[in-house]
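Only one structure is covered here, and it is reproduced in the block below.
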Amino acid sequence: MKVISSIQELRDQLRGQNRTAFVPTMGNLHEGHLSLMRLARQHGDPVVASIFVNRLQFGPNEDFDKYPRTLEADIEKLQKENVYVLFAPTERDMYPQPQEYRVHPPHDLGDILEGEFRPGFFTGVCTVVMKLMSCVQPRVAVFGKKDYQQLMIVRAMTEQFALPTDIVAAETVRDTDGLALSSRNRYLTQTERAEAPMLAATLQGVRQAVLSGNRDFAKLERDAMASLAARGWKPDYIAIRKRSNLIAPAAQDLDAPLVVLAAAKLGATRLIDNLEI
């Protein structure tokens with residue numbers, strides 16, 4: 001596996017490749033990330049991964065400086081997955097000049113849910129993904145369903161800019177107790193880690209209620225948030241939305257595929273999760 005930091009060297013290395021499968025990450029790789037590499041291999045060859053902690057998607061009071069950076073361990077894991085190239089640019093490589101041009105998602109998708117609680121987050125995501133796509137020029141790119149809203153925004157951006165890249169969605173990988181794997185799980189204390197699976201369990205309860213015919217979506221959301229709050233969580237949202245556009249469904253939308261999404265703080269750690277219904 002080649003480890004490359006220069007955009008020009010990356011382009012030189014990939015010249016002539018027309019079936020590249022790309023997996024962008026911020027590093028601190030876990031089994032969830034590695035499952036993306038394996039899925040990428042099913043859709044293209046060679047597999048290219050990137051590791052870049054993107055300052056543009058962190059707010060002023062978020063964890064950019066303490067976000068775990070474990071490059072050497074990540075390299076070992078990617079080598080075992082037979083990744084062809086790891087693109088690991090420095091901030092100077094990616095942004096040699098201030099990134100004055102940004103990609104802003106539409107308000108109705110980018111400023112709701114995660115976008116409401118993390119202003120500017122999806123602008124940072126879209127900008128770096130667009131730049132990475134320009135560098136790698138992949139045939140396919142793999143994104144996880146755990147970041148459901150991000151997946152939808154990236155897919156829509158790719159379509160609207162007519163990028164020659166198919167976006168492949170990967171299922172969320174969970175620990176045996178149901179907790180979705182996340183690089184931020186390492187911030188949890190032992191007590192918090194024992195409590196953390198309640199987020200997925202709460203979503204599962206909402207899912208079962210909807211499947212059983214409960215169409216009072218607003219009450220289901222309120223009750224789920226209250227249940228988490230009673231256990232010491234600080235929920236930002238639990239939202240039942242249409243999968244196609246993340247718009248809140250009406251009670252009469254009987255056939256619309258739905259998803260329930262959540263974000264909540266447990267101690268100092270903010271966790272997100274979702275379940276398709």
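Glycine too: its Cβ is placed from the backbone N, Cα and C atoms.
The secondary structure of His33 (active site, proton donor), as reduced to three states from DSSP, is helical. Sequence annotations record features per position, and here Swiss-Prot assigns active site, proton donor to His33.
In three-state terms derived from DSSP, Met26 (ATP binding site) belongs to neither a helical nor a strand segment and is classed as coil. Per Swiss-Prot, ATP binding site is recorded for 26-33, 144-147, Val173, 181-184.
Sequence annotations record features per position, and here Swiss-Prot assigns (R)-pantoate binding site to Gln57, Gln150. Cβ environment of Gln150 ((R)-pantoate binding site): Glu114, Phe122, Val125, Phe143 lie under 8 Å away, each six or more residues apart in the same chain.
The beta-alanine binding site annotation in Swiss-Prot covers Gln57 and is backed by sequence analysis. Here Gln57 ((R)-pantoate binding site) comes close to Gly120, Phe121, Phe122, Thr123, Gly124, Val125, Val128: these same-chain residues lie at least six apart in sequence, with C-beta atoms under 8 angstroms from its C-beta. DSSP assigns Gln57 ((R)-pantoate binding site) to a helical segment in the three-state reduction.
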Please identify which of Leu29, Val173 has the densest Cβ environment, defined as other Cβ atoms within 10 Å, among these binding-site residues. Leu29
According to DSSP, which of helix, strand or coil covers Val173 (ATP binding site)? coil
Between the Cα atoms of Met26 (ATP binding site) and His33 (active site, proton donor), what distance do you get, rounded to the nearest Å? 10
If one measures from the C-alpha of His33 (active site, proton donor) to the C-alpha of Lys145 (ATP binding site), what distance in angstrom results, rounded to a whole number? 12
Report, as a single number, how many Cβ atoms besides its own are within 10 Å of the Cβ of Met26 (ATP binding site). 17
Neighbouring CB atoms within 10 angstroms of the CB of Ser183 (ATP binding site), all protein chains considered, total 17
